[in-house]
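Reviewing the structure listed below.
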Amino acid sequence: MASTKSTSAHQQSPSPKWWSYWRLTRMHMFPAGAIHAFWPCTWGLTMAAYSVRLPPGQLISQALLYFVGSILGHSGGCIWNDICDRDFDRQVERCKDRPLASGEVSVEEATALLMAHVAAYIYLLQATGDDAMRIGSFGILIFFLYPLMKRWTYWPQAWLGIAMHWGLPVAWVSNTGSVNWTLVSTLLLGGISWTIHYDTIYACQDRRDDIKAGVKSTAVRFGKHVRTVLAFFSALFVACLAYAGALNSQGPLYFVITVLGAAAHLAWQLLMLDPESNQSCWSMFMANGDLGYIIWAGMLCDYAQRFWV
């Protein structure tokens with residue numbers, strides 16, 4: 001996910017140890033990456049709250065729980081990704097100064113930090129209930145397999161989409177007591193499509209170096225057709241939002257703000273994106289974090305109208 005940018009300061013003098021750990025978790029780039037992990041949990045939570053008329057106090061407290069969990073999950077995933085990719089990172093200009101690739105942090109130190117994140121994450125999962133905790137625990141395995149996908153397939157972003165959106169069924173089951181497979185599967189498909197969209201944009205920053213290093217990604221696979229393919233996955237994401245809304249009997253506010261708002265924002269991204277510009281790719285990656293607010297706003301407005309009107 002979000003990476004550190006090279007600075008001459010890092011090359012001139014060693015970083016304080018705490019700063020190396022902080023960079024390893026990507027917290028110096030917060031909310032990049034972490035916010036992308038937070039939105040699926042919150043969308044699932046809010047749609048479940050709408051379905052079962054969850055009291056606002058519980059909605060707020062659970063959103064805070066998922067916020068902390070998303071930070072832990074994202075940071076832990078970044079640590080594991082850097083452990084697995086440290087040899088690749090040394091060959092990629094943008095990644096060569098990451099703490100593990102540069103030798104600032106040892107594999108043993110990174111592993112200890114990772115285990116602390118996993119333990120804290122599992123502790124938080126206990127608050128979601130037994131069934132949701134089992135689902136959430138399985139998500140840890142999904143995250144752990146992600147770095148390996150870059151060695152096996154040109155579609156690691158699709159697997160990342162499953163990992164990043166695994167909090168969605170956790171939130172749904174935690175609040176409804178069961179899984180509406182049609183609705184949850186629709187949201188997962190949409191989430192995978194959205195992740196392919198934004199993480200392909202992110203991966204375009206490293207496309208040339210990834211080809212040399214043998215790293216596989218959708219950015220490499222799509223090549224010069226990247227904008228056209230991203231338009232397809234953006235449309236699929238919007239279609240899944242609309243269908244999931246219909247399945248959950250959402251009201252007009254959801255469709256106007258969430259669905260149409262997402263469509264307009266994604267269209268703007270595709271118009272503004274320059275896949276050959278690192279600055280453009282980073283800006284559009286971050287813009288997808290902003291998109292989450294639009295989608296959630298429609299869900300919250302619809303929830304508020306149903307609960308209080």
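Note: Cβ is positioned from N, Cα and C throughout, glycine not excepted.
Feature annotation from TrEMBL assigns transmembrane segment to 29-52 (among others). For the transmembrane segment (29-52), the list of distant contacts is 1-4, 58-59, 62-63, 66-67, 69-71, 73-75, 78, 164-172, 174-176, 183-184, 187, 191, 195, 198, 244, 248-250, 285-286, 288-289, 292, 295-296, 299-300, 302-303, 306: same-chain residues at least six beyond its ends, Cβ to Cβ under 8 Å.
Counting residues 6+ beyond its ends, the transmembrane segment (64-84) has Cβ neighbours under 8 Å at 1-2, 24-27, 30, 33-38, 41-42, 45, 98-101, 107, 110-111, 113-114, 117-118, 120-121, 124-125, 127-128, 139, 143-144, 146-148, 163, 167, 171 in the same chain. What TrEMBL lists as transmembrane segment is 64-84 (among others).
What TrEMBL lists as transmembrane segment is 105-126 (among others).
Through the fold, the transmembrane segment (132-149) approaches residues 73, 76-77, 80-81, 84-85, 118, 121-122, 125-126, 155-156, 159-160, 162-163, 166-167, 169-171, 173-174 of its own chain, all at least 6 residues removed from its boundaries and within a Cβ separation under 8 Å. Per TrEMBL, the feature transmembrane segment maps to 132-149 (among others).
According to TrEMBL, the transmembrane segment annotation covers 181-204 (among others).
Distant neighbours of the transmembrane segment (225-246): 47, 183, 186-187, 189-191, 193-194, 196-197, 200-201, 204, 218-219, 254-255, 258-259, 262-263, 266-267, 269-270, 273, 275, 295; these residues of the same chain sit at least 6 beyond its ends, with a Cβ under 8 Å from one of its Cβ atoms. Annotation source TrEMBL lists transmembrane segment at 225-246 (among others).
What TrEMBL lists as transmembrane segment is 252-273 (among others). Long-range contacts of the transmembrane segment (252-273) within its own chain (CB-CB distance under 8 A, at least 6 residues past either end) are made by residues 197, 201, 227, 230-231, 234, 237-238, 241-242, 245, 280-281, 283-284, 287-288, 290-291, 294-299, 301-302, 305.
Per TrEMBL, transmembrane segment is recorded for 285-305 (among others). Non-local neighbours of the transmembrane segment (285-305) in the same chain are 2, 31-32, 35-36, 38-39, 42-43, 46-47, 49-50, 59, 194, 197-199, 201-202, 241, 250-251, 253-259, 261-262, 265-266, 269; each lies 6+ residues outside the stretch with a CB under 8 Å from one of its CB atoms.
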Cβ contacts under 8 Å made by the transmembrane segment (105-126) with residues that lie 6+ beyond its boundaries: 20-21, 24-25, 65, 68-69, 72-73, 75-76, 79-80, 82-83, 86, 99, 132-133, 136-137, 140, 170
